[in-house]
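Novice: Summarising the annotation, TrEMBL assigns transmembrane segment to 24-49, 58-80, 100-118, 138-156, 195-225, 237-259, 271-291. Under the heading domain 'G-protein coupled receptors family 1 profile', TrEMBL lists 39-289.
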Amino acid sequence: MENVTTMNEFLLLGLTGVQELQPFFFGIFLIIYLINLIGNGSILVMVVLEPQLHSPMYFFLGNLSCLDISYSSVTLPKLLVNLVCSRRAISFLGCITQLHFFHFLGSTEAILLAIMAFDRFVAICNPLRYSVIMNPQVCILLAAAAWLISFFYALMHSVMTAHLSFCGSQKLNHFFCDVKPLLELACSDTLLNQWLLSIVTGSISMGAFFLTLLSYFYVIGFLLFKNRSCRILHKALSTCASHFMVVCLFYGPVVFTYIRPASATSMIQDRIMAIMYSAVTPVLNPLIYTLRNKEVMMALKKIFGRKLFKDWQQHH
């Protein structure tokens with residue numbers, strides 16, 4: 001298809017057109033972004049530096065923290081700039097690049113959450129063979145597969161969107177570049193793009209979600225019918241509870257946004273959902289994991305305790 005794009009940039013309408021609310025939103029999202037950087041950055045440092053966290057579960061948790069930092073960084077810095085600037089333009093190339101990395105990192109997180117659920121399934125249901133099944137090579141292979149599959153999935157969306165003809169309005173009804181609002185501005189046939197968005201995106205997100213649920217249901221069934229121990233069941237569920245909370249917070253808004261067809265009324269709801277999975281969820285991930293995980297809390301105290309001791313030695 002010949003690309004006859006007649007515009008070099010788009011204008012992001014942002015979260016609100018009310019000028020008085022923009023400083024408020026700027027403060028809120030700046031705090032959210034800083035908490036995300038500090039929280040996920042701390043987990044990443046702990047996983048790398050603390051030997052007791054060198055296990056498959058924390059290897060994947062480190063990947064998740066890296067993803068959350070990158071995922072928010074795709075949209076929030078541009079949003080913050082647009083909240084304090086009168087001109088909210090983004091170049092055509094910048095828009096396609098943002099779209100690519102948003103779907104690349106989002107899809108990687110969806111697959112990674114399913115891998116983390118499988119890791120917990122093996123650890124609880126087959127503990128004697130856990131170190132054999134989830135050996136370092138397998139962990140690296142699973143993580144690499146998640147990143148690689150997601151890269152080509154996002155490349156599909158970015159290439160297909162870039163080849164559309166945009167000859168209408170420049171105003172993008174969103175606070176970042178995404179496929180659905182861009183399809184609304186296209187003046188060429190978007191049927192294939194819409195089909196790919198619903199079928200391929202839906203298959204990846206729903207497939208990963210069902211695999212995650214299947215892992216947890218099997219864990220609960222295994223503990224109930226094989227062990228018949230309430231104490232063991234409670235311990236296992238408390239271990240998985242934090243992960244399951246992350247899963248619900250992430251998959252819920254994603255499924256709500258991309259499974260439905262685009263419409264004028266749905267774009268407001270899509271913006272709210274996008275805030276949930278691109279800004280709020282990455283902030284909650286480190287809080288959920290650290291507050292509900294004794295090993296992470298102990299490692300955090302150990303690292304910061306070691307640092308405080310070194311500082312005390314330097315001053316005495």
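Think of each number as a place in line: the chain as shown, counted from 1.
Each Cβ is built from the backbone N, Cα and C atoms, and glycine gets one as well.
Curation plays no part in TrEMBL annotations; they are all automatic predictions.
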Novice: Counting only pairs at least 6 apart in sequence, do the transmembrane segment (195-225) and the transmembrane segment (100-118) share 3+ Cβ pairs under 8 Å?
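Specialist: In this chain the transmembrane segment (195-225) contacts the transmembrane segment (100-118) - 3 or more Cβ pairs sit under 8 Å.
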Novice: Please determine whether the transmembrane segment (138-156) and the transmembrane segment (271-291) are in contact (criterion: at least three Cβ-Cβ distances under 8 Å, sequence separation 6 or more).
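Specialist: No, these stretches are not in contact.
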Novice: What same-chain residues lie close to the transmembrane segment (24-49): Cβ under 8 Å, and 6 or more beyond its ends?
Specialist: 15-16, 58-59, 61-62, 65-66, 68-69, 72, 76-77, 79-80, 83-84, 279-280, 282-283, 285-287, 289-290, 296, 299-300, 303
